[in-house]
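Scroll down for the structure; my scribbles are underneath it.
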Amino acid sequence: MGRTVLDDAAAISDCILKKEEAMCLEKIEEANEMMGLNDSSPGCPWMWDNITCWRPAVMGQVVEVGCPELFQIFNEGTYSCLFTLAPSSSLNTGVVSRNCTEDGWSEPFPHYFDACGFDNDYLEGGGNQDYYYLSVKALYTVGYSTSLVSLTTAMVILCRFRKLHCTRNFIHMNLFVSFILRAISVFIKDWILYEEQDTNHCFISTVECKAVMVFFHYCVMSNYFWLFIEGLYLFTLLVETFFPERRYFYWYSIIGWGTPTICVTVWAVLRIHFDDNGCWEMNDNTALWWVIKGPVVGSIMINFVLFIGIIVILVQKLQSPDIGGNESSIYLRLARSTLLLIPLFGIHYTVFAFSPENVSKRERLVFELGLGSFQGFVVAVLYCFLNGEVQSEIKRKWRSWKVNRYFAVDFKHRHPSLASSGVNGGTQLSILSKSSSQIRMSSVNAENLAT
C-alpha cells in the first residue's frame, strides 16, 4: 500500500544480491592482502558466483555453504509472491556444495533450486517478469500523468469561478490537491530511486532520499484521508438536516492534512531510531510500517461502512412515494449513484486492503497501481467536468464573454474615434446597461405620476 511496482519486486532481490556481493568482494580483497592468495595459487580461490560467496579451498576439498540470504527470505514467505517455491523434497537440504578440482570449482551440487526449495521456472520466465513490471510502470505513469493534467484543469475551474465556492467544492478541491500531490510524489520517487537501470539505489542513504520517501508516504496517506473525508461529509449531509458546514470544514481540514502529518512524523522518528537503513524504501520492520498502514486501512474500512450506509439511505429515499418512476428506473438511478460514489470513496481499495501483501501480488499491482492511477482523472471528470453546476457557470461565462466581444467589435466599427480614445466595448456595455436602467426608472416614475 503506497508503494510503486519496483519497491517489493526488483528492489528487494537486487539489493540483497548487491549487499552479498559487496561483502564477498571485501573478504576477497582482505584475504589477498593478508595471505597473498591469487588466481595463480594452487587450489581454488575465493569466488562470487552471482548468488553466494565461496571461500578458498585446496584441491580435492569439498566446500559447503548454506542457502543464500535471498533464498532464506523468500522461503520464509515474506515475499514468496515474487517467486514460485518448489514443493519440499529430499533434495531440499538447505546446503549447497562445490568440489575444488584441477579445472577449478565444480558446478554446485545439489543445485540451488533443489537445495533451497526454489523453482527454476522463475528464472526461465525472468524476461516476462521484467516485461510485466515495465508494463505496469508504463500504465501507472500514463495514469498519473492523465490524472495530473485533468486535476490541475479542474482546480483552475473551481478556483476561477466564485459561484462554485462552497463547502462541498472546497472538499473536492482538497481531494484534487491530494491526488495531484500523490502523482507528483510517485514521479519524484521513481526519478530519485529508479531512474538509473542499475541498483545503485541499494546504497543510497542520504537525507534528501529519505525526505523524498517521507513526502511520498505523506501524499499517499493524505489522499486516503481526503477520500475518507468525502465519504464522511456526504454521509453527514444525508443524515443531518442542518449542520454548520464551515465549522465542519475546519475539522475536515485537520483530519485530512493533520492526521497524515502526525502519522508520517512518528514513522520517520521511529525509522531513525530503530530501522535507519538505506533510503527507507523497504519496510522490513512490519511493526513500524503499521504506523502508516494501520490508519490507512482504518480509513478504508470506515469509508466502506459509510458507503454501505449511504446506499441504504439512497434506497430508502428512492423508494419513497414522493419520488416518481417505476421499479426499473429506481434501480437504474441507484446503480448510477453507486457507480458515481465508488471512485469518490475509493471503494476499490477494499478489494486488497485486508489481504496480506504477498497474496495476489500481480493482481494487486494492476488494480492498485495501474487502475488506481486513473482514479484522479475519473474523479475530476465526474465531479467537475460533468458537474451540471460547473457546466452552467462555464456556459454563463462563455455567453458573457461573447456578448462583451460582440459589443466591443460593434462599437469599434461604429465609433472608431471613441474606440481609439480608449472607450472599449465593455465600457459601452456598462453605459448601455446604466442607460436602460435609468430609462426603466423614468418610465416607472411617469406611470406613478399619471396615476
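Cβ from N, Cα, C; glycine included.
Checking TrEMBL for transmembrane segment across the ranges 54-74, 138-158 points to 138-158. Counted over residue pairs 6 or more apart, the CB atoms of the transmembrane segment (170-188) and the transmembrane segment (290-314) come under 8 Å in fewer than three pairs, which marks the two as apart.
Within the chain, the transmembrane segment (250-270) has long-range Cβ neighbours (under 8 A, six or more residues past its boundaries) at 171, 174, 178, 210, 214, 217-218, 221-222, 225-226, 228-229, 232-233, 288, 291-292, 295.
Tertiary neighbourhood of the transmembrane segment (224-243): same-chain residues 167-168, 171-172, 174-175, 178, 252, 255-257, 259-260, 295-296, 299-300, 302-303, 306-307, 309-310, 313, 341, 344-346, 349, selected by CB-CB distance under 8 Å and a gap of 6+ residues from either end.
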